[in-house]
């Protein structure tokens, strides 16, 4: 006789709602997410193509930009295609394993991106405030080691959380009130007390974000003080514009992430679809902005993209 509870041997799948309260508008809601995801793929793909094929871009700063492009591609691809499948085609079912893999990828690469943004801010700090020591302190191998260290930190921090959440018993209709496997939306379906995972997740997120953002703030404040002492007015304006764009992207990443997390975690008088849309935008907007600010606005990367595209066109 087959047991009515199959969760011990073959866990039941989850069902993603999409955007609660806007089910009739799913087709329209999906359009901006599709556009931003397409732009993210195009922009990050061009950056990777330029850095990978142009020998003039084999420097630490461009390695960091390429690593950020890889992270953004993984980060957004982990959720957005499934999200569009839910909104466009009604493919709401996601297996138990795929749900937790998606959750792990999203949270891990959020932490990895935070660490990489910190590394990039320190890279600019050394380049502007200690230019004579830049080549000695930052090499290509050290940039790659920094990326691997950030990856290990993110995966190491999120693996225990996934173990805590994955061991919880899930019951009921398994209807996730979200368009992807968002941590709190899934944990809310557990039949047991998720307090340990809540406490661990909040502690890790606060420590990572707090530490990284504090060092980033220190780096850019020191850079701005150094820029203010530059004698040439044009040089100051150029540096301020560059730093301003970087700070804008960093604020978008951190403020968007914190807003998404705390709106889900603490009760506020907002419609459920607002909370879901904020979380969805967080998965699509930063990956679209990062290649524009960190890659395509950098003259060397622009030249590298034009050079590579010219070479590819010449081979046809």
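Cβ from N, Cα, C; glycine included.
What TrEMBL says about a protein is an automatic prediction, not a curated fact.
What TrEMBL records for this protein:
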- 25-49: transmembrane segment (TRANSMEM)
- 43-294: domain 'G-protein coupled receptors family 1 profile' (DOMAIN)
- 61-80: transmembrane segment (TRANSMEM)
- 199-223: transmembrane segment (TRANSMEM)
- 243-264: transmembrane segment (TRANSMEM)
- 270-289: transmembrane segment (TRANSMEM)
Determine which residues of the chain contact the transmembrane segment (25-49) at the Cβ level, with the cut-off under 8 Å and only residues 6 or more beyond its ends counted. 18-19, 65-66, 69-70, 72-73, 76, 80-81, 83-84, 86-88, 277, 280, 284-285, 287-288, 290-292, 294-296, 301, 305, 308
Other parts of the chain folded back onto the transmembrane segment (199-223), taken as Cβ under 8 Å at six or more residues beyond its ends: 111, 114-115, 117-118, 121-122, 124-125, 128-129, 157-158, 160-161, 164, 183, 239, 243, 246-247, 250, 254, 257-258, 261, 265
